[in-house]
Amino acid sequence: MLKFYQMKYIFQILDKMRCLRKRSTVSFLGVLVVFLLFMNLYIEDSYVLEGDKQLIRETSTHQLNSERYVHTFKDLSNFSGTINVTYRYLAATPLQRKRYLTIGLSSVKRKKGNYLLDTIKSIFEQSSYEELKEISVVVHLADFNSSWRDAMVQDITQKFAHHIIAGRLMVIHAPEEYYPVLDGLKRNYNDPEDRVRFRSKQNVDYAFLLNFCANTSDYYVMLEDDVRCSRNFLTAIKKVIASLEGTYWVTLEFSKLGYIGKLYHSHDLPRLAHFLLMFYQEMPCDWLLTHFRGLLAQKNVIRFKPSLFQHMGYYSSYKGTENKLKDDDFEEESFDIPDNPPASFYTNMNVFENYEASKAYSSVDEYFWGKSPSMGDTFVIVFENPITIKKIKVNTGTEDRQNDILQHGALDVGEKLIFSKQIRQCDTYLRLGEFKNGYFEMSDVNQKIPFDIHCMRICVTKTQKEWLIIRSISIWTS
């Protein structure tokens, strides 16, 4: 039998535990949610045996439902499913078929300036008739001010009626009732309350936009509502995607500013929407996108140059403050991505760390780096199949290492392939020309060379003290 003082002591302990439980509930739920998110991202990618998957799903569903944390989190046990939101169609016709690419824009009322119409105009004007058949543009008017939304819908329908009728342009709105709490949020990074509210709502705006676009196309690119596009950007994107066939990627970046020009597989959009919604109050959208990429095991940024999209807004959507950010890698005219057919690479230069030969051939922003090359050193590209080349361009050195260029070199092409124990190589070569200031370019190669090319070789014709960076090798075929 327990004595009175023992009972009193037990009740004191229980009371302390209740207080501790109250104080730790929020932090515990935060850890729980992160864990469940990771486990769902993990199991959706088929890394776990089916029996373990089912156990994890049942556990995660039970925990989330039992806590009833907030209404936003109720359905998050299935990250591959869309969020249950009833959208308002402000201007749209039914999408008759799935497109290749959806371009997503989210827009709110600005205190100064309005760039949305110019952004939509740029998307359509910079696309050819054939490209227009493969794109859809979804605009989320995310402001809760209905008068502003009505005015914007009127402007959009007047200027782009034919695109709406053709099913290329849809204007939607996610009602305020679906939004989580936006006031009284924690002030991470010591941001002022209005800034926290702005960026938190922006995360939810994009989450609902991504959720809507999950089944409209094969790929999705995220833009802001104050962006100018490069001419024929869709053709450039398709070329890049084709060049990465067989390569795992989560995010491709076609701009270096914020979340402009981030490209995703559409099948990843539900998970990304859930992710933004779950952590909406934690940090800005572009930071969350970086974490999402890492969670899905894409370690490095895959960014392409030149950029396809340029920020053009002068006044920010936050308080109308000045925003002069520009992408200095942007090019207005056609982004002529090289074909760079499949090939193998060989060099007898002393390679620095992991800057291997193949990196000079990639359209990603990386390069080959070799230590002080000697006369007679070579960098050889052997194509899987003989090709007809229209144009060749080779850049050496970088902006911050302008001395690491090929000071004395030449470029050769070969026809007949031979095999040895070490490498595949061509037995005879024809010299196309010399490098000038570390640069080589030649057009109409197919009119000057009477054979299909199986090998291409960069030769060092004089020893140099400086190291050598081959920044890019670009080949266009006919």
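Just so you know, glycine gets a Cβ as well, placed from its N, Cα and C.
As annotated by Swiss-Prot, topological domain 'Cytoplasmic' applies to 1-25. Summarising the annotation, Swiss-Prot assigns transmembrane segment to 26-43. Positions annotated as topological domain 'Lumenal' by Swiss-Prot: 44-478. According to Swiss-Prot, the feature N-linked glycosylation site maps to Asn84, Asn215, an assignment based on sequence analysis.
Cα-Cα distance from Asn84 (N-linked glycosylation site) to Asn215 (N-linked glycosylation site): 14 Å (rounded to the nearest whole number).
Residues within less than 8 Å, Cβ to Cβ, of Asn215 (N-linked glycosylation site) and separated from it by at least 6 positions along the same chain comprise Thr82, Lys98, Ser266. Just so you know, the Cβ of Asn84 (N-linked glycosylation site) picks up 9 other Cβ atoms within 10 Å once every protein chain is counted.
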